[in-house]
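**Student:** Just dropping this structure here.
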Amino acid sequence: MESCLSPLTDIAAPVLAGFSGGLDSSVLLHLLANAPAARERGLRAVHVHHGLQPAADDWAAHCQRVCDQWQVPLQVVRVQVDAAAGEGPEAAARRARHAAFAGLLRPGEWLALAHHRDDQAETFLLRALRGSGVDGLAAMRGRRDFGAGQLWRPLLHIPRAALEAHARRHGLHWIDDPSNGDDAFDRNFLRSTVMPLLAGRWPEAGAMFARSATLAAEAATLLQAQDEQLLHACLDGEDDGALAIPALAALPAGACARVLRLWSRRRGLPPLPGNGVARIQQELLGAAPDRLPEFRWQDARIVRWRDRLHAVGTLRAWPAGWQVDWDGRAPLALPDGGALALHGASGFDAPLYVRQRRGGERIHLPGRAHSHLLKHRLQASDVPPWLRPHLPLLCDGAQVLAAGDRIVSSSLQDWLRTRGAQLHWQPPGFAAARHGAGAGSAPALEPN
């Protein structure tokens, strides 16, 4: 069994072991604690305290005793499990656990988790029952990018029976979580009822399901390379991260669906629901150009605007009547998470103030004799409708000098030009939307 740790001989990465105190993670930590390569690179462990069971404190104490005995540094992290809309308790606990792991993982470090072959078979079956494609049927990957490092599952090809035999051979003690016996959870029902029934007829059923997951992962890897090329071709180079609808609509339906899923992940949006892709294809791609249809789920939405698809997260509302003085000497943090900054000048000649739009504002534009309604100028601009209420207005008394950095008055433009300065508005959610969910960002949720 020790051969499952062979990747440690080829890398110089330290290892953080997830340690629940159960059988699987106890065997994994025992293997790592007895592996010189893991010790030399700085092995440490983390126990996530969910607080969902009365014995949760006792479990944390058990893990501390084991780590003290094996001389492995342990960090106990308490998390609050809050189920999001449409999310069950298992998924909520998993999300909280993964967030805790990602927060602790150091750059280049490997997070070792104890999922085994039986877990993989169950995940494959659960995904098949949900009608998943090859990405879902690939189940859990043996290794993938995660947070600032890598997520590693060295036991993924080892059956649980072998782990239990190892534990008994070495006299290990472990925790039995009573929730694992609750057949109200789909995974537990598969484990206690379905898998034994299948194994009675097909003894190698678990191994074959896990093998199918491996084959699906190989196919998914090939498709993902193609998806990357198609996504690049569909991205609108003139608009940050938006998809060009003509390019997207020209793809075969299956390829279009895969590009939509990849793009939404890259934009940092929650996983699309089962009917999400079909609804986007029907309701957004097929909509008339003058409409503004959108698809909403959880705290996110995808909007069609000007022949492009835009990913939009939840934007924080401004407090009613918000207004603040600003001299331009330092960037101004806005209530919705955006920012306004003056570059190339030490500050304005006199203090100005920033406020939210209230409606009816007018602005004097360069080269125009009369003022114009700001609303009309915004409608003709490249500012998306969902961002217009978040445009900060820079004002001098009753005069509007600028709406963010998108519409600038003639007087402010002259002032900026003579000083070689620029006004810069960072819209809310800019960082998350621009960088999406790639390596180093929030971890993608997996089934275990």
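Each position is counted from 1, following the chain as shown.
Cβ coordinates are placed from backbone N, Cα and C, and glycine is handled just like the others.
Pasting the relevant annotations from TrEMBL:
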type    : residues                     : note
BINDING : S20, G21, G22, L23, D24, S25 : ATP binding site
DOMAIN  : 352-425                      : domain 'Lysidine-tRNA(Ile) synthetase C-terminal'
**Student:** Taking the binding-site residues one at a time (S20, S25), which has its Cβ surrounded by the most other Cβ atoms within 10 Å?
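**Tutor:** The largest 10 Å Cβ neighbour count belongs to S25.
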**Student:** Summarise the model confidence on the domain 'Lysidine-tRNA(Ile) synthetase C-terminal' (352-425) as a single mean pLDDT, whole number.
**Tutor:** 91
**Student:** Excluding near sequence neighbours, so keeping only residues 6 or more apart in the same chain, what lies with its CB under 8 A of L23 (ATP binding site)?
**Tutor:** R160, L163, E164, A167, L172, W174
**Student:** What are the non-local neighbours of D24 (ATP binding site), defined as same-chain residues 6+ apart in sequence with CB under 8 A from its CB?
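**Tutor:** Expected: A114, H115, H116, D119, L155, R160, L163.
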**Student:** What number of additional C-beta atoms lies within 10 angstroms of the C-beta atom of G21 (ATP binding site)?
**Tutor:** 23
**Student:** In three-state terms from DSSP, label S20 (ATP binding site) for me.
**Tutor:** coil
**Student:** Once S20, G21, G22, L23, D24, S25 are set aside, which residues in the chain still have Cβ within 8 Å of the Cβ centroid of the ATP site?
**Tutor:** F19, S26, V27, A114, W174, I175
**Student:** Could you give the number of helix, strand and coil residues in the domain 'Lysidine-tRNA(Ile) synthetase C-terminal' (352-425) as assigned by DSSP?
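**Tutor:** The counts are 19 helix, 25 strand, 30 coil.
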**Student:** For G22 (ATP binding site), which residues in the same chain are close in space, meaning a Cβ under 8 Å from its Cβ, but six or more apart along the sequence?
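**Tutor:** For G22 (ATP binding site), the qualifying residues are A114, W174, I175, D176, D177.
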